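Let me begin by presenting the structure, written as structure tokens, before commenting on it.
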């Protein structure tokens, strides 16, 4: 097979030589094949720019070059210079000037790498001027001219040694175009682009007149040594300079960015440390098992020691001792608080209407502040701290470069359309996906054109607003037309023209003729997006109608590698200018986006059978968050109603059917709910007076949260009032006061703990969470105060109504005389007393409970180490939001991450040579310059999260100044003398270059830098000068009035970022890179010590918090434990043991909650942190009541006191705490907002369930083992109270006994009168009480 191929090649070469014999009869050293110019190629009608003249056929000896001709040859083709007297060439002065002009376009791209530029020039100098031209050139086609004139050469063959050509190609293969963040060979290799380019394809493109730049056809033959050749042909094998070697004393080697061989050895970043293992077990799991085992063993030892101690104590029990001093101190807080609240409750109950009026006035006065409320809906203002580093960086960026443009984006995939094969004449057989079908493209073109021509009426502007009024127009920002607007899509490869999309043509390539159409042009443009004229017979441009390239990763998605034809999705992106919030153009942009969304919704509905469409506007996220907030308000209203109904029903004591209307508590329940709402409104109004902005999240969640807490207190208070019988001769007001003195310390303990936890939660810098925490903390305090005033007054009035046997709600009507309540024990109390408490505290069950809970604690310690940190933005959306599909498509199909800008602040001298060398990446720049470090980082995208190296205005500015390009020129005469002459001006008046020619890298002086930089930033790029900076850098450099660079930015791209963890790590990695760059640039002479480089990505403001949320959360939660313990310790009577057990239970609830968060898919972030802070406060509700009940019990043994607390306070906690939380929480599960569902429904459900389990299961068992000893002072006081109770009481006619002393006794729950210290403890029943 190989022999046959070589034979065919030899035959082809011989045939070619035979055909060309007429034009190149001699192949000898020192003989030319053509010489002098013969005008334009008559076979070409025109090109992208003015084409060079072709040469005349001339089989003559090479000419001796002297004088100006020699100087010109030495300057343009230095490798052909052999000295002043021995230099021969085959080109005239005109040919040299034409050669220089024709190479200027390509040299502008390659000049940043001197070796590449020189090698490229050398190739064409040899072709045109080599004195041995006939040895490797064979003319194959000429065009006859007039009589007596030599023919014009329009095609020839060039024979090169393959190694020679490949070395030349290798020297240029890595040269970059900074503005496009791509390789220069990508625009010099035709349909193959940079990915498929090689030496043969690179040379073929240069010799193809179809590219619009070549004046004649050149066929390049790359031959191996020893390969058969036509007679006389000797393949060119000239000098090729490696890119990592200097070309002279003053020239610099190519930089690492343009030449891999110049790169220093960059050690790869350290691999991620493997997980810590102990044997085959993960280290965390092993350590937690060891810790849990030690904890269980320690607990078992403590329990055993306590049991032995109790036995010894029982054996040695003698006469009862007098209370010790510590016990008296423990009693003191009980007594003080109990007496205070008893007196307070009695006074409030005595003046109910006055207290209600004063409470109403205070609430109204505070709530009036809501007239000044500022509702924040901007996601940036809600979820990013105003003083955070990311916000400061955003402010700096927006101030100096303007806000990041507004993105309106569409993803489209095909339904039920299978892929197909296409035999491309250019690239062979290719797979095309279903979405890449002509009928689909035509339909999407219609959609795109409808969107481009959208107009919407603006009341403020009193005219129609169109896209051109607000669009981002990089090449014409000042006088924008519709075709100047930046719209990126595959359709831009056809300039949004239906005729061009449907164009077809016949083309012959390598002897094969085939029809070429849009698919061939698409393949060409996807591989070479910088092409101005493709190599097909269609001869279409790949540039968008607004003048910039469309890179395939921005136009299609869902492909592998560079197989763009297999893309599953098409992407259309409309980029709009962004404006400050108070700019009237911002409202215009939002109006256009509103019309854009309506058009897309209509298109999605009408084409649902063909397309799957996902879309988003810049305003979409804010709109959807606001929409779901409004939609979910009824859910919260239903939650309120259910809690209200439960309270109203549960607070009643229904002893007889005939007394239901009287014993109902609907009015009291409604009053309790109104008290909670009043507290919330007052808290929000107070902060509105202070100018603290609020949010819709606060309006939704805070009332629900405070209702859950407030309902607990209401239930416990009323239930205690019903259970605590009125003493003989005791007035209603005194009865209420005594009840309040009994339960208010527990209510104070819980409310104070929760409020402190919320205020500590306000330490988080996230505005929405901080405001939520502040409002919740104040609302809980106000709720407690209103419960101590307004609700006590309501209870007094309700008790008066009930004693008068008036029906609830319709209290103005009196009823007939009703029978007294029937004595009956409630089902809940009976269940706890007869079944639950005996089972839980059985001697075999208690160790099992301890073991299970400690095992659960250990398992959740491990699970909490695996919780995800972050908050994906789609979770802030409702479940039915169209943005859910958009974010799904964005993560699935977009093949590049967001742009990241490395921003430089003021204080760095870019105009100095040292400053330029420290930031650029071309020849002469430092190996560890700013842009070079970003390049190194992009080689390790998995660690640096940078995938595409940065564009560099410094590099392109230097290239723009290079004399060999046609970019920076000056008028030499006329009124604009010495002013900038644009590259589009081809007159002889623009022959003066801005910079003089030098052997080394071009570096302007400070004066030249400040003069030429504004010209560069306003020069539009074009085919003659692709380095113009208007499109890429107009907004990237901020200049002061005297021309100093006060801020600039270098744009790179992240790799695709799929979730919040990726965004967080990308921010962390880019900051580390920027800090490293900053440290080096501060060493440049003249740099301000405060100079800084920082990374800016539009999403940084949202993900900044996740860099520190973990340590901040640990600190905040640990800080919450301190006041919780202190408050419990103080209000439990300076009882250290009770305080520690209380704290232990709360810590276990918290750890179990976090561990189960990982199981249920709840990530850790500022929203869940504030809920965990809430968990600490709510845990107090579940454990503190029972702990306090145990601490004040006078039963002789811990087991009896644990049973006592479980039966009476445990049942109250279940009915009053858990059952008031569950209805409201379960309703949250119906909310549309995923944020509410996940972080409020799921998390609060976990908190409530775990709090209930630890409070009613674990805590009684722990107290039965490790609880504090009985308080002897309390026992003594109870004994004295009992003795006083049996003594005869003096008559007091001023306060006669009520007629119906038991009218307000709830016999469904209440025991007989409990003997105990007045207002020092709850009415906990004795063992001999009757029910």
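Placed from the backbone N, Cα and C atoms, the Cβ positions cover glycine too.
What Swiss-Prot lists as disulfide bond is 32-90, 77-125, 113-254, 116-172, 189-197, 243-259, 256-263, 471-485, 525-542, 920-925, 967-1025, 981-990 (among others), and the listing cites similarity to another entry. Taken from Swiss-Prot, the feature domain 'SSD' covers 632-797. Per Swiss-Prot, N-linked glycosylation site is recorded for 53, 85, 244, 416, 431, 464, 497, 506, 606, 909, 917, 996 (among others), and the stated evidence type is sequence analysis. Annotation source Swiss-Prot lists signal peptide at 1-20, citing sequence analysis. Marked as topological domain 'Extracellular' by Swiss-Prot on the basis of sequence analysis: 21-282, 374-632, 687-696, 764-776, 868-1113, 1228-1242. Per Swiss-Prot, topological domain 'Cytoplasmic' is recorded for 304-352, 654-665, 718-742, 798-846, 1135-1142, 1187-1206, 1264-1331, and the stated evidence type is sequence analysis. Residues or ranges marked as transmembrane segment in Swiss-Prot (evidence: sequence analysis): 283-303, 353-373, 633-653, 666-686, 743-763, 777-797, 847-867, 1114-1134, 1143-1163, 1166-1186, 1207-1227, 1243-1263 (among others).
Residue 263 (disulfide bond) is surrounded by 17 other CB atoms, counting those within 10 A of its CB over all protein chains shown. Taking pairs at least six residues apart, the transmembrane segment (1143-1163) and the transmembrane segment (777-797) share fewer than three Cβ pairs below 8 Å and do not count as touching. In this chain, the transmembrane segment (777-797) lies apart from the transmembrane segment (1243-1263): fewer than three C-beta pairs between them fall below 8 angstroms, excluding pairs fewer than 6 positions apart.
For the transmembrane segment (1166-1186), the residues of the chain that approach it from at least six positions outside its boundaries are 383, 705, 708-709, 712, 716, 746, 749-750, 753-755, 757-758, 760-761, 764, 766, 769, 772-773, 776, 871, 1105, 1109, 1112-1113, 1116-1117, 1120-1121, 1124, 1128, 1132, 1142, 1145-1146, 1149-1150, 1153-1154, 1157, 1205-1206, 1209-1210, 1212-1213, 1217-1218, 1221, 1235, 1239-1240, 1243-1244, 1247-1248, 1251-1252, 1254-1256, 1259-1260, 1263, judged by C-beta separation under 8 angstroms. Scored on C-beta pairs under 8 angstroms, the neighbour of the transmembrane segment (1114-1134) with the top count among 353-373, 633-653, 743-763, 847-867, 1243-1263 is 743-763. Candidate recorded positions: 90, 263, 431, 497. Nearest to residue 113 (disulfide bond) by Cα distance: 263. Counting other CB atoms no more than 10 Å from each candidate's CB, the glycosylation sites 606, 917, 996 peak at 917. Within the same chain, residues 625, 628-629, 631-632, 635, 639, 697, 700-701, 704, 874-880, 1160-1162, 1167-1168, 1171 sit at least 6 positions outside the topological domain 'Extracellular' (1228-1242) and bring their C-beta atoms closer than 8 Å to a C-beta of that stretch. Each of the disulfide-bonded residues 243, 254, 256, 1025 was assessed for Cβ neighbours inside 10 Å, and the highest tally belongs to 254. Residue 244 (N-linked glycosylation site) sits 35 Å from residue 981 (disulfide bond), counting Cα to Cα. With helix defined as DSSP H, G or I and strand as E or B, the topological domain 'Extracellular' (687-696) counts 4 helix, 1 strand, 5 coil. Counting other CB atoms no more than 10 Å from each candidate's CB, the glycosylation sites 244, 506 peak at 244. When the Cα of residue 85 (N-linked glycosylation site) is compared against those of the recorded positions 485, 917, 925, the shortest separation belongs to 925.
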